[in-house]
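Taken from TrEMBL, the feature transmembrane segment covers 6-24, 36-58, 132-152, 158-175, 182-202, 222-242, 254-276, 307-328. Summarising the annotation, TrEMBL assigns domain 'Sugar phosphate transporter' to 7-325.
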Amino acid sequence: MSEAKHIATVVATYWFVSISMVYLNKILMSSDAVSIEAPLFITWFQCVVTALICWMAGRLSQQLQKSADKLPLSDGDSELSKGHSPIKSFLSQFPRAEYNPALGKKILPLSCIFVGMITFNNLCLKWVEVSFYNIARCLTLVFNVVLSYVVLGSSTTLRTGCCLILVICGFCMGIKGEVRFSVIGTMFGMCSSLFVSLNSIFTKKILPEVDNDHWKLTFYNNVNAAVLFLPFIAYLEAGTLYKALGYQMISPIFWAAMMVAGVFGFSIGIVTVMQIKATSPLTHNISGTAKAAFQSMMAFAIWKNPATMMGISGMFVVLGGSLLYTIVKMREGKMAALSKGGDVEMKK
């Protein structure tokens with residue numbers, strides 16, 4: 001396969017998984033035919049699926065390594081090349097998933113933030129139109145800058161500030177132009193944006209505790225989250241789940257949708273890394289912006305969401321501001337790196 005075809009395949013896979021995950025979660029959260037009024041239970045199940053996949057992938061990776069170690073050396077092979085093929089396989093990126101309670105306790109604060117992030121994200125999707133979903137959650141960049149200043153003491157530039165103002169303007173335009181505007185859904189979206197920003201900041205602090213292994217952190221986060229959800233499900237949704245025992249809870253369609261959504265939730269991390277590796281961080285963000293626009297435009301047709309010129313304009317202003325923010329931050333990062341390199345040369 002040529003490089004161009006490989007990149008196109010990876011980007012198409014990222015779009016398919018990301019858009020499918022949003023649409024399927026929307027169905028699970030709000031479809032009368034499929035969903036149940038238990039968003040916490042649905043979110044909990046996705047955490048369980050992700051944790052199980054991480055555990056199984058880690059076990060298979062370990063088995064591949066053991067098989068490679070037992071292979072005899074052939075003529076011209078080195079000890080390194082003998083185990084190279086299995087290690088390069090897809091599963092080799094997953095560490096052995098063993099839960100250490102002491103480490104799990106250290107990760108618990110981040111897991112609480114993670115629970116808030118995925119809960120508010122799904123609640124937002126439950127209450128807002130899919131076409132408005134990206135606008136409802138667009139303030140992540142604003143919270144990133146504010147929290148980075150408050151928590152990390154990081155300053156921002158005028159150009160970055162202008163990009164954020166553009167995003168906020170698009171957010172206000174989107175609200176003004178939304179026909180089926182949901183106050184509670186938008187509030188959930190803002191809370192989701194806040195927790196996404198907190199998750200990003202605290203993940204950077206916690207990663208060294210798991211040897212900078214994102215999959216190890218994913219496993220611990222989802223195991224912790226699965227436990228944290230239980231008391232809330234028991235208190236808030238036990239009655240709903242009991243009533244659903246004779247209906248959706250025994251429906252093959254419901255459980256098939258739940259399983260597929262769980263697999264997509266796990267897969268989005270993989271395809272994101274694949275796209276960044278196949279392209280670049282900037283191209284990944286451009287692809288994500290284009291995907292968000294395509295996802296929203298498709299939603300107008302699939303869910304028959306009423307569209308207004310103000311609403312569509314707000315969506316594109318948000319996406320444009322987000323893309324400009326990415327470009328500005330990457331240029332500032334390159335300039336800072338060049339400046340640092342120049343200082344090192346001067347000292348020499």
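These residue numbers are counts, starting from 1, taken along the chain as shown.
Quick reminder: no glycine exception, Cβ is built from N, Cα and C everywhere.
Since this is a predicted model, take the numbers as computed values, not measurements.
The transmembrane segment (36-58) makes contact with the transmembrane segment (254-276): 3 or more of their CB pairs lie within 8 A, with pairs spaced 6 or more apart in sequence.
Spatially, the transmembrane segment (6-24) is not adjacent to the transmembrane segment (222-242); fewer than three Cβ-Cβ distances between them are under 8 Å for residues at least 6 apart in sequence. Confidence across the domain 'Sugar phosphate transporter' (7-325), taken as the mean pLDDT and rounded to a whole number, stands at 90.
Panel annotation: around the transmembrane segment (158-175), residues 132, 135-136, 138-139, 141-142, 145, 181, 186, 310-311, 313-322, 324-325, 328-329, 332 of the same chain, lying at least six beyond its termini, place a Cβ under 8 Å from a Cβ of the stretch.
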